[in-house]
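Quick look at what Swiss-Prot lists:
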type	residues	note
BINDING	130, 131, 132, 133, 134, 135, 136, 137	ATP binding site
DOMAIN	503-565	domain 'R3H'
């Protein structure tokens, strides 16, 4: 990477007792900013730790000396040094007098976005997320140069604080052929964004620091006009935008949706859920946690949907190694590789997983097929399994063996106790709904009892319903609560041993269909056409799960259809 920082021009505006120690400092190439507060010693901040530069305190005269050497401060208390990328920010007292300065070093780092160059070539809108000082503006500046010079696109930069292209009327060469639009007042940024589209015919618009609801709305308007957007926002994780009502529109917005009784039961969720409101303004989101390691969400739409449903999406970690090579890895968000940078998300997802007891996601060829997303009650499955390597692993579906506390409402305790004893299930009945992990009730009683539904909703407890208080229905419900049917007693490795590839593929297809039926009690799943010998193998597997199957159609298109119990 080539770095240009014009550090000497920044040092020229500093008082001599601040400038001289920095000139002689061995680590000045890594200087982040210089902080000068009235009545305090000057401080230099480096990536490792801050250091005091002098024993002398900053006076009014020292601050006035610096202010006179920089441009005028704008409405957001920012100024700059002409033809440089440095930013000078001021702190004022109640009378409006400057009592502190933050002199931040601006650097043009050429080659820093090689890690995401393939994403730029796709033409999708990109949102960069990260805490202050992590390098978002530096990355945006280099993106502007690459898009305008190397990809020859018409690029317009909305430079509200003159931080991307520097202070003055002539933009810094680091942005290449990109054009820069300055903003007279920071609160008018959204108007300048719309003006850029209407007047200057850009192919790409670059915005730094989207922070208000009007700016988020303007970004959405620009995206709907077919212009590629590259923007930055403060926030460590993509989940931060979901919780931020001001910026939620950037990822499509979040809304409460009330489901019908049947739909809520089929999904295994409460009736009131969160869903994405519209298509996101940015198709790609990048979390910058470190200057050399970025986490990429290539499909924001799918990632947001998975997060709202309580699933753990796959994340893509891109890292620049010491030899300059780029290492790209894909992990579930629960991976230890991203644990240090996504701990808050992990805690939220793990708690959801413990409460809902959903099936674990199944990984096939580095992709995750979420069985809860297959909503059609009569569907063909092989579109997800044809020409896909089969993962033969007897631990691919695990049953949670922890003890579950069950609250039974309007049901016979004697019947439930007899089923638990006969099957030796890890379930304890409780009379306190607050301590329960699940609720089992008659369907007719649940519809009439709004208080029960409210308590379950507030405590995030799933209500399992049955039609009648019979032993078979209670048995099926208890098995569903424990996900017992998701793991057969069959030894999967032994079953597939000495089988040919197409035979294993057919068994894998049947197994996936069985799990869909277990999740959606009323589902009917149709398999793809197979020979009589293969259909017999599938029949034997289905019988082991105590489900019904029937062949229909004419040869050679005869196939199985699997029914619930």
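Just so it is clear, glycine is given a Cβ too, placed from its N, Cα and C backbone atoms.
Annotation: 130 carries the greatest number of neighbouring Cβ atoms among the binding-site residues 130, 132, 133 [cut-off 10 Å, Cβ to Cβ]. For residue 137 (ATP binding site), other Cβ atoms within 10 Å of its Cβ number 22. Per-site Cβ counts within 10 Å over the binding-site residues 131, 134, 135, 136 peak at 136. The ATP site is set by 130, 131, 132, 133, 134, 135, 136, 137; from the centre of their CB atoms, other residues of the chain with a CB within 8 Å are 232, 288. Residue counts for the domain 'R3H' (503-565) by DSSP state, with H, G and I taken as helix and E and B as strand, are 30 helix, 13 strand, 20 coil.
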